[in-house]
Amino acid sequence: MSSSHILLQMKHQRLNRQKKPLKCSECEKFFTQRSSLTQHQRIHTGEKPYICTKCGACFRKQSNLTQHLRVHTGEKPYKCNECEKAFQTKAVLVQHLRIHTGEKPYKCNECGKAFCQSPSLIKHLRIHTGEKPYKCSECGKAFSQSICLTRHQRSHSGARPYKCNDCGKAFNQSTCLMQHQRIHSGEKPYTCPKCGKAFTQNSSLVEHERTHTGEKLCKCSECEKTFRKQAHLSEHYRIHTGEKPYECAVCGKAFRHSSALARHQRLHAGE
(Lines of atoms letter the chains of each structure in order from A and count residues from 1; the text may use other names and numbers.)
(Lines give C-alpha, C1' and ligand atoms only; values in the text may rest on other atoms or scores of the structure.)
Protein backbone atom coordinates (compact mmCIF):
# COMPACT_ATOMS: atom_id res chain seq x y z
CA MET A 1 0.00 0.00 0.00
CA SER A 2 1.45 3.39 -1.03
CA SER A 3 2.07 6.24 1.44
CA SER A 4 -0.30 8.51 -0.52
CA HIS A 5 -3.08 5.94 -0.12
CA ILE A 6 -2.42 5.74 3.64
CA LEU A 7 -2.51 9.55 3.95
CA LEU A 8 -5.81 9.61 2.07
CA GLN A 9 -7.24 7.01 4.45
CA MET A 10 -6.08 9.01 7.49
CA LYS A 11 -7.70 12.17 6.11
CA HIS A 12 -10.95 10.32 5.50
CA GLN A 13 -10.94 8.91 9.06
CA ARG A 14 -10.24 12.37 10.51
CA LEU A 15 -13.17 13.88 8.59
CA ASN A 16 -15.43 11.12 9.88
CA ARG A 17 -14.39 11.85 13.47
CA GLN A 18 -15.12 15.54 12.96
CA LYS A 19 -18.66 14.80 11.77
CA LYS A 20 -21.35 15.04 14.40
CA PRO A 21 -22.34 11.41 15.19
CA LEU A 22 -25.93 10.44 14.53
CA LYS A 23 -27.56 8.41 17.29
CA CYS A 24 -30.37 5.86 17.01
CA SER A 25 -33.12 6.77 19.49
CA GLU A 26 -34.07 3.11 19.94
CA CYS A 27 -30.76 1.37 20.68
CA GLU A 28 -28.26 4.28 20.93
CA LYS A 29 -26.07 2.94 18.12
CA PHE A 30 -24.06 5.70 16.36
CA PHE A 31 -23.69 6.42 12.64
CA THR A 32 -21.70 8.99 10.66
CA GLN A 33 -24.12 9.11 7.73
CA ARG A 34 -27.82 9.97 7.79
CA SER A 35 -28.56 7.31 5.15
CA SER A 36 -26.95 4.61 7.32
CA LEU A 37 -29.02 5.68 10.34
CA THR A 38 -32.23 5.70 8.27
CA GLN A 39 -31.49 2.22 6.96
CA HIS A 40 -30.69 0.97 10.48
CA GLN A 41 -33.90 2.39 11.98
CA ARG A 42 -35.96 0.15 9.69
CA ILE A 43 -34.86 -2.75 11.92
CA HIS A 44 -36.89 -1.13 14.72
CA THR A 45 -39.83 0.17 12.65
CA GLY A 46 -40.17 -2.90 10.43
CA GLU A 47 -40.39 -0.63 7.38
CA LYS A 48 -39.59 -2.38 4.09
CA PRO A 49 -39.91 0.25 1.35
CA TYR A 50 -38.30 -1.73 -1.49
CA ILE A 51 -40.97 -3.90 -3.15
CA CYS A 52 -40.51 -6.58 -5.80
CA THR A 53 -42.87 -5.88 -8.72
CA LYS A 54 -42.81 -9.58 -9.66
CA CYS A 55 -44.01 -11.19 -6.42
CA GLY A 56 -44.61 -8.40 -3.89
CA ALA A 57 -41.80 -9.36 -1.50
CA CYS A 58 -40.58 -6.38 0.55
CA PHE A 59 -37.08 -5.47 1.72
CA ARG A 60 -35.38 -2.96 4.01
CA LYS A 61 -32.46 -2.35 1.63
CA GLN A 62 -32.24 -1.69 -2.10
CA SER A 63 -29.30 -4.13 -2.25
CA ASN A 64 -31.49 -6.90 -0.80
CA LEU A 65 -34.15 -6.24 -3.45
CA THR A 66 -31.47 -6.33 -6.17
CA GLN A 67 -30.30 -9.74 -4.91
CA HIS A 68 -33.89 -11.02 -4.68
CA LEU A 69 -34.67 -10.01 -8.29
CA ARG A 70 -32.09 -12.56 -9.43
CA VAL A 71 -34.50 -15.28 -8.25
CA HIS A 72 -36.85 -14.13 -11.01
CA THR A 73 -34.25 -13.32 -13.69
CA GLY A 74 -32.04 -16.34 -13.02
CA GLU A 75 -28.96 -14.10 -13.05
CA LYS A 76 -25.95 -15.62 -11.25
CA PRO A 77 -23.08 -13.13 -11.52
CA TYR A 78 -20.76 -14.72 -8.92
CA LYS A 79 -18.82 -17.62 -10.42
CA CYS A 80 -16.60 -20.20 -8.69
CA ASN A 81 -13.15 -20.45 -10.31
CA GLU A 82 -12.78 -24.03 -9.06
CA CYS A 83 -15.86 -25.70 -10.54
CA GLU A 84 -17.57 -23.01 -12.69
CA LYS A 85 -20.71 -23.11 -10.50
CA ALA A 86 -22.42 -19.69 -10.37
CA PHE A 87 -24.39 -17.98 -7.59
CA GLN A 88 -26.81 -15.10 -7.16
CA THR A 89 -24.93 -13.50 -4.23
CA LYS A 90 -21.31 -13.07 -3.20
CA ALA A 91 -22.06 -14.39 0.31
CA VAL A 92 -23.29 -17.73 -1.09
CA LEU A 93 -20.18 -17.97 -3.31
CA VAL A 94 -17.94 -17.43 -0.26
CA GLN A 95 -19.79 -20.23 1.57
CA HIS A 96 -19.52 -22.51 -1.48
CA LEU A 97 -15.75 -21.96 -1.78
CA ARG A 98 -15.32 -23.59 1.63
CA ILE A 99 -16.42 -26.88 0.01
CA HIS A 100 -13.20 -26.71 -2.03
CA THR A 101 -10.92 -25.35 0.73
CA GLY A 102 -12.35 -27.46 3.55
CA GLU A 103 -12.39 -24.35 5.75
CA LYS A 104 -14.76 -24.54 8.75
CA PRO A 105 -14.28 -21.30 10.72
CA TYR A 106 -17.38 -21.58 12.95
CA LYS A 107 -16.71 -23.85 15.95
CA CYS A 108 -19.08 -25.04 18.69
CA ASN A 109 -17.71 -24.27 22.17
CA GLU A 110 -19.74 -27.14 23.63
CA CYS A 111 -18.53 -30.09 21.56
CA GLY A 112 -15.89 -28.68 19.21
CA LYS A 113 -17.78 -29.47 16.00
CA ALA A 114 -16.91 -26.98 13.24
CA PHE A 115 -19.00 -25.57 10.40
CA CYS A 116 -18.35 -23.65 7.20
CA GLN A 117 -21.37 -21.38 7.75
CA SER A 118 -22.43 -19.30 10.75
CA PRO A 119 -26.15 -20.23 10.40
CA SER A 120 -25.17 -23.92 10.55
CA LEU A 121 -23.43 -23.34 13.89
CA ILE A 122 -26.45 -21.43 15.25
CA LYS A 123 -28.75 -24.31 14.24
CA HIS A 124 -26.34 -26.85 15.76
CA LEU A 125 -26.19 -25.00 19.10
CA ARG A 126 -29.91 -25.66 19.57
CA ILE A 127 -29.04 -29.37 19.97
CA HIS A 128 -27.27 -28.38 23.19
CA THR A 129 -29.81 -25.77 24.37
CA GLY A 130 -32.96 -27.62 23.29
CA GLU A 131 -34.34 -24.33 21.96
CA LYS A 132 -37.23 -24.62 19.46
CA PRO A 133 -38.26 -21.03 18.68
CA TYR A 134 -40.33 -21.72 15.55
CA LYS A 135 -43.92 -22.79 16.31
CA CYS A 136 -46.65 -23.95 13.91
CA SER A 137 -49.80 -21.83 14.25
CA GLU A 138 -51.92 -24.76 13.00
CA CYS A 139 -50.94 -27.53 15.41
CA GLY A 140 -48.51 -25.95 17.89
CA LYS A 141 -45.55 -28.17 16.93
CA ALA A 142 -42.24 -26.38 17.54
CA PHE A 143 -38.98 -26.56 15.56
CA SER A 144 -35.38 -25.52 16.07
CA GLN A 145 -35.10 -24.13 12.52
CA SER A 146 -37.39 -21.79 10.57
CA ILE A 147 -36.95 -23.84 7.39
CA CYS A 148 -38.27 -26.91 9.23
CA LEU A 149 -41.37 -24.96 10.25
CA THR A 150 -41.90 -23.80 6.64
CA ARG A 151 -41.60 -27.37 5.36
CA HIS A 152 -43.92 -28.66 8.09
CA GLN A 153 -46.57 -26.04 7.28
CA ARG A 154 -46.77 -27.42 3.75
CA SER A 155 -48.00 -30.70 5.27
CA HIS A 156 -51.10 -28.73 6.30
CA SER A 157 -51.51 -26.80 3.04
CA GLY A 158 -50.32 -29.48 0.60
CA ALA A 159 -48.40 -26.79 -1.30
CA ARG A 160 -45.73 -27.91 -3.79
CA PRO A 161 -44.45 -24.60 -5.16
CA TYR A 162 -41.19 -25.86 -6.71
CA LYS A 163 -41.64 -27.35 -10.20
CA CYS A 164 -39.04 -28.98 -12.45
CA ASN A 165 -38.89 -27.33 -15.89
CA ASP A 166 -37.60 -30.54 -17.46
CA CYS A 167 -40.22 -33.08 -16.39
CA GLY A 168 -42.89 -31.09 -14.53
CA LYS A 169 -42.46 -32.86 -11.19
CA ALA A 170 -43.31 -30.57 -8.25
CA PHE A 171 -41.77 -30.42 -4.77
CA ASN A 172 -42.56 -28.77 -1.45
CA GLN A 173 -38.92 -27.79 -0.88
CA SER A 174 -36.53 -25.86 -3.11
CA THR A 175 -33.67 -28.13 -2.00
CA CYS A 176 -35.62 -31.20 -3.18
CA LEU A 177 -36.11 -29.56 -6.58
CA MET A 178 -32.41 -28.65 -6.83
CA GLN A 179 -31.38 -32.21 -5.95
CA HIS A 180 -33.89 -33.63 -8.44
CA GLN A 181 -32.65 -31.36 -11.26
CA ARG A 182 -29.20 -32.90 -10.93
CA ILE A 183 -30.72 -36.12 -12.31
CA HIS A 184 -31.23 -34.22 -15.57
CA SER A 185 -28.00 -32.18 -15.52
CA GLY A 186 -25.61 -34.77 -14.06
CA GLU A 187 -24.15 -32.00 -11.89
CA LYS A 188 -22.10 -33.04 -8.83
CA PRO A 189 -21.22 -29.78 -7.04
CA TYR A 190 -20.09 -31.24 -3.70
CA THR A 191 -16.43 -32.27 -3.83
CA CYS A 192 -14.47 -33.97 -1.07
CA PRO A 193 -11.39 -31.84 -0.23
CA LYS A 194 -9.52 -34.99 0.84
CA CYS A 195 -9.87 -37.22 -2.22
CA GLY A 196 -11.71 -35.19 -4.85
CA LYS A 197 -14.75 -37.48 -5.11
CA ALA A 198 -17.86 -35.52 -6.19
CA PHE A 199 -21.50 -35.86 -5.13
CA THR A 200 -24.90 -34.55 -6.18
CA GLN A 201 -25.99 -33.86 -2.58
CA ASN A 202 -24.23 -32.22 0.35
CA SER A 203 -25.59 -34.94 2.66
CA SER A 204 -23.78 -37.56 0.54
CA LEU A 205 -20.54 -35.59 0.86
CA VAL A 206 -20.96 -35.30 4.65
CA GLU A 207 -21.55 -39.05 4.87
CA HIS A 208 -18.51 -39.73 2.66
CA GLU A 209 -16.26 -37.44 4.73
CA ARG A 210 -16.85 -39.70 7.72
CA THR A 211 -14.81 -42.37 5.93
CA HIS A 212 -11.85 -40.00 6.34
CA THR A 213 -12.61 -38.70 9.86
CA GLY A 214 -13.95 -41.92 11.38
CA GLU A 215 -17.02 -40.05 12.70
CA LYS A 216 -19.97 -42.42 13.02
CA LEU A 217 -23.14 -40.80 14.36
CA CYS A 218 -25.61 -38.31 12.87
CA LYS A 219 -27.85 -36.67 15.48
CA CYS A 220 -31.40 -35.37 14.98
CA SER A 221 -31.67 -31.74 16.11
CA GLU A 222 -35.32 -32.26 17.12
CA CYS A 223 -35.17 -35.37 19.35
CA GLU A 224 -31.40 -36.13 19.48
CA LYS A 225 -31.87 -39.65 18.10
CA THR A 226 -28.66 -40.79 16.40
CA PHE A 227 -28.05 -42.60 13.11
CA ARG A 228 -25.03 -44.07 11.40
CA LYS A 229 -25.91 -42.62 7.97
CA GLN A 230 -27.08 -39.18 6.91
CA ALA A 231 -29.65 -40.83 4.63
CA HIS A 232 -31.24 -42.58 7.62
CA LEU A 233 -31.31 -39.29 9.56
CA SER A 234 -32.89 -37.52 6.58
CA GLU A 235 -35.62 -40.17 6.42
CA HIS A 236 -36.21 -39.96 10.17
CA TYR A 237 -36.38 -36.15 10.08
CA ARG A 238 -39.48 -36.32 7.89
CA ILE A 239 -41.37 -37.49 11.00
CA HIS A 240 -40.74 -34.01 12.45
CA THR A 241 -41.25 -31.96 9.28
CA GLY A 242 -44.16 -33.93 7.83
CA GLU A 243 -42.35 -33.97 4.47
CA LYS A 244 -43.55 -36.60 1.98
CA PRO A 245 -41.32 -36.25 -1.10
CA TYR A 246 -42.31 -39.50 -2.84
CA GLU A 247 -45.54 -38.97 -4.82
CA CYS A 248 -47.56 -41.52 -6.75
CA ALA A 249 -47.85 -40.48 -10.41
CA VAL A 250 -51.21 -42.26 -10.72
CA CYS A 251 -53.23 -40.91 -7.77
CA GLY A 252 -51.03 -38.21 -6.24
CA LYS A 253 -50.74 -39.84 -2.80
CA ALA A 254 -47.44 -38.93 -1.10
CA PHE A 255 -45.11 -40.92 1.15
CA ARG A 256 -42.14 -40.28 3.42
CA HIS A 257 -40.13 -43.24 2.09
CA SER A 258 -39.50 -44.53 -1.43
CA SER A 259 -40.16 -48.09 -0.21
CA ALA A 260 -43.67 -47.07 0.92
CA LEU A 261 -44.33 -45.56 -2.51
CA ALA A 262 -43.12 -48.75 -4.21
CA ARG A 263 -45.52 -50.86 -2.08
CA HIS A 264 -48.38 -48.48 -2.86
CA GLN A 265 -47.70 -48.55 -6.61
CA ARG A 266 -48.20 -52.32 -6.61
CA LEU A 267 -51.86 -51.66 -5.75
CA HIS A 268 -52.24 -49.85 -9.09
CA ALA A 269 -50.23 -52.49 -10.94
CA GLY A 270 -52.38 -55.27 -9.47
CA GLU A 271 -49.36 -57.12 -8.10
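Note that Cβ sites are derived from N, Cα and C of the backbone, with glycine treated the same way.
The domain 'C2H2-type' feature in TrEMBL is assigned to 22-49, 50-77, 78-105, 106-133, 134-161, 162-189, 190-217, 218-245, 246-271.
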Cβ-Cβ under 8 Å with the domain 'C2H2-type' (78-105): same-chain residues at least 6 beyond its ends: 67, 70-71, 114-117, 189-191, 193-194, 205
Proximity of the domain 'C2H2-type' (106-133) to the domain 'C2H2-type' (218-245), 3+ C-beta pairs under 8 angstroms: yes
Residues in the domain 'C2H2-type' (22-49) grouped by DSSP into helix, strand and remaining coil: 12 helix, 4 strand, 12 coil
Integer mean pLDDT for the domain 'C2H2-type' (22-49): 84
Secondary structure content of the domain 'C2H2-type' (50-77), with strand meaning DSSP E or B: 12 helix, 4 strand, 12 coil
